[in-house]
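Student: Dumping what TrEMBL says about this protein:
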- 34-55: transmembrane segment (TRANSMEM)
- 47-299: domain 'G-protein coupled receptors family 1 profile' (DOMAIN)
- 67-91: transmembrane segment (TRANSMEM)
- 149-169: transmembrane segment (TRANSMEM)
- 189-211: transmembrane segment (TRANSMEM)
- 244-267: transmembrane segment (TRANSMEM)
- 279-302: transmembrane segment (TRANSMEM)
- 326-365: region 'Disordered' (REGION)
- 328-356: compositional bias 'Polar residues' (COMPBIAS)
Amino acid sequence: MINWSNVTESGHQELDLKPEELQKSKCVLGFIPVIYYSILLCVGVPVNILTAVALSRLACRTKKALYYYLLAVTGSDILSQLFIIFVGFLLETAVFHRDVPALLLHSVSAAEFAANHASIWSTVPLTVDRYVALCHPLLHRQISYPARARKIIAVVLALSLASGVPFFWWSDMWRNSNPPTALDTVLIWTHVTIIYFLPCSIFLVLNSLIIQTLRVRQKQQRCQEERGPKSAPPRRLGKTTAMLLAITSVFSVLWAPRTIVVIYHLYVSSVHRDWRVHLAYDLSNMLAMLNTAVNFFLYCFVSKPFRSAVRDVVLLRGGPLYPHRALPQQQAPTNASVSSLYSGNNKRSQRDSTPLSPHRARKPS
């Protein structure tokens, strides 16, 4: 982000600066971060609101836990955009030049970290849900339902809010000229562990198990094809699983540079003194914040039901948010079915959400 106090001044103003202030790193990017974050905010917030409305419709119609997890991810992304991009980068730094009370700065810092943690860790229950659905389908039918999904989301958000409190004492890496203290070291390592190393480890393990399970099933199906002509078609990688792999992979790629730069700042060279580290830190923050606005396009690329829901919202049309009451024998398979964002389950969800006509409800005489 732009660091107005880091720009080297000439003339008589430079004579009034202290020696440590003369060593401040330059902000090479100039106004580019302000333009970038403004565009990202103007595009990302409306897109995420549209995503939230579409996912809310799908969640109410289908009663699938998957949509509730995706809705939690979208809501957390909106909070990250508001607190980190709008309040932190644009208002505090670009507009007020951080000339605000210290208590407000630290409070906003804690809120930024809480929103950041919620945005990242909301993806973890989604990954666990997909793993259980593919590797333990019978167990998934018993434990995956909307009420439990809402409780899990509430716990994740509460823990994310609590995890942001210690970062009230986060040091300003752009402006702090002192070497990192012991508290800075603890907070930085806690930060990179919470936002990158721990969630990426979970993503790597669960996604590897998912891929391995699908490969084993494909081998078993090939063996069945060789033994007899009558066998089920080979099961390919579902679009929901592909979407999950894309979400976690994009997150891992976009957040890796920032993690590396923060650790480099801690042990090698300070952002405050080295303009190259300053530049790398600005660019890495820009990449990391891009992660809050890309999920909409992944959903549109993968999911036909999501595209239909978005089209209905944009055109102000569509059915009611809440489904009609279905017969008891229809509700059980709907709640126990394996959640899928793929359009292959769209017909079944439409059948579950549409009441039977009087002629179909009566038994033939």
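Residue numbers in this text run from 1 along the chain shown.
Cβ coordinates come from backbone N, Cα and C, glycine included.
Caution: TrEMBL annotation is automatic and unverified by curators.
The shown structure was predicted, so the numbers you read here are calculated from the model rather than taken from an experiment.
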Student: Taking the transmembrane segment (34-55) as the first stretch and the transmembrane segment (149-169) as the second, find out whether 3 or more Cβ pairs fall under 8 Å, excluding pairs closer than 6 in sequence.
Tutor: no
Student: Of the stretches 189-211, 244-267, 279-302, which racks up the most C-beta pairs under 8 Å with the transmembrane segment (67-91)?
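Tutor: Against the transmembrane segment (67-91), the leading stretch is 279-302.
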Student: Report, as numbers and ranges, every residue of the chain located at least six residues beyond the transmembrane segment (149-169) whose Cβ falls under 8 Å of a Cβ in that stretch; write 'none' if there are none.
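Tutor: For the transmembrane segment (149-169), the list is 65, 68-69, 72, 76, 106-107, 109-118, 121-122, 124-125, 129, 183, 187, 190-191, 194.
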Student: State the mean pLDDT for the domain 'G-protein coupled receptors family 1 profile' (47-299).
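Tutor: Reported value for the domain 'G-protein coupled receptors family 1 profile' (47-299) is a mean pLDDT of 89.
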